[in-house]
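A short worksheet on the structure shown next.
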Amino acid sequence: MVAQIRIGQGMDVHAFEEGKFVTLAGVQIPHTHGLKAHSDGDVVLHALCDALLGALALGDIGQHFPDTDPEFKGADSRVLLKHVYQLILDRGYHLNNADITVACERPKLAKYNLEMRQSIADVLNVDLNQISIKATTTEKLGFTGRQEGILATATVLISH
């Protein structure tokens, strides 16, 4: 039997607001600001959720967890990711790998890379080498360059 392979891509953006940390990939990272959001504002996990949902044409994170629903106010995005991944598993698919890029000037993320990757691997119950996270800047261009927020993109490969 030939394996069925699907690719999904997701993106998320959140603006900065008052706060003392940002949550990225389920990891609290000290910062001069937080992220404005209905849930915990974890752009990494939101982009990953959208990539997984997109791979099987299951809609997007806003359809599954609307920001108008008080149930998801302040929600831990690791719980959302676990729910989304269960939808993938229920359809007989599994994650081959995820490649994630985070764009921001600050906070600097290099020292949190392994912890963020491990956090995702733990939620999805996959090997660490299946999760890649890269951080970049936009060379001071655009809203991330002006330090107004953070952007994350995620690409996944899943197979049946």
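Residue 1 is the first one shown; counting continues down the chain.
Every residue, even glycine, has its Cβ placed from backbone N, Cα and C.
Quantities reported herein were computed from a predicted structural model and do not represent experimental measurements.
For 12-14, 38-39, 60-62, 65-69, 136-139, Phe143, Arg146, the entry in Swiss-Prot reads 4-CDP-2-C-methyl-D-erythritol 2-phosphate binding site. The divalent metal cation binding site annotation in Swiss-Prot covers Asp12, His14, His46. What Swiss-Prot lists as site 'Transition state stabilizer' is His38, Thr137, and the listing cites sequence analysis.
What Swiss-Prot annotates, mapped onto the structure for a quick look.
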residue	record	Cβ neighbours (10 Å)
Asp12	4-CDP-2-C-methyl-D-erythritol 2-phosphate binding site	24
His14	divalent metal cation binding site	20
His38	4-CDP-2-C-methyl-D-erythritol 2-phosphate binding site	16
His46	divalent metal cation binding site	27
Ile61	4-CDP-2-C-methyl-D-erythritol 2-phosphate binding site	26
Pro66	4-CDP-2-C-methyl-D-erythritol 2-phosphate binding site	11
Asp69	4-CDP-2-C-methyl-D-erythritol 2-phosphate binding site	10
Thr137	site 'Transition state stabilizer'	14
Thr138	4-CDP-2-C-methyl-D-erythritol 2-phosphate binding site	14
Arg146	4-CDP-2-C-methyl-D-erythritol 2-phosphate binding site	11
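Closest in space to His14 (divalent metal cation binding site), of the recorded positions given as His38, Pro66, Thr137, is His38, taking the CA atom of each residue. On a Cα basis, His46 (divalent metal cation binding site) lies 7 Å away from Ile61 (4-CDP-2-C-methyl-D-erythritol 2-phosphate binding site). Excluding the listed site residues Asp12, His14, His46, the same chain places Val13, Leu35, Ala37, Gly41, Asp42, Val43, Val44, Leu45, Ala47, Ile150, Ala152 with Cβ atoms within 8 Å of the centre of the divalent metal cation site Cβ atoms.
The Cα of His46 (divalent metal cation binding site) lies closest to that of Asp12, out of the recorded positions Asp12, His38, Pro66, Thr137. Thr137 (site 'Transition state stabilizer') sits 11 Å from Arg146 (4-CDP-2-C-methyl-D-erythritol 2-phosphate binding site), taking the C-alpha atoms as the reference points. Under DSSP, His46 (divalent metal cation binding site) is assigned to a helix (H, G or I) in the three-state scheme.
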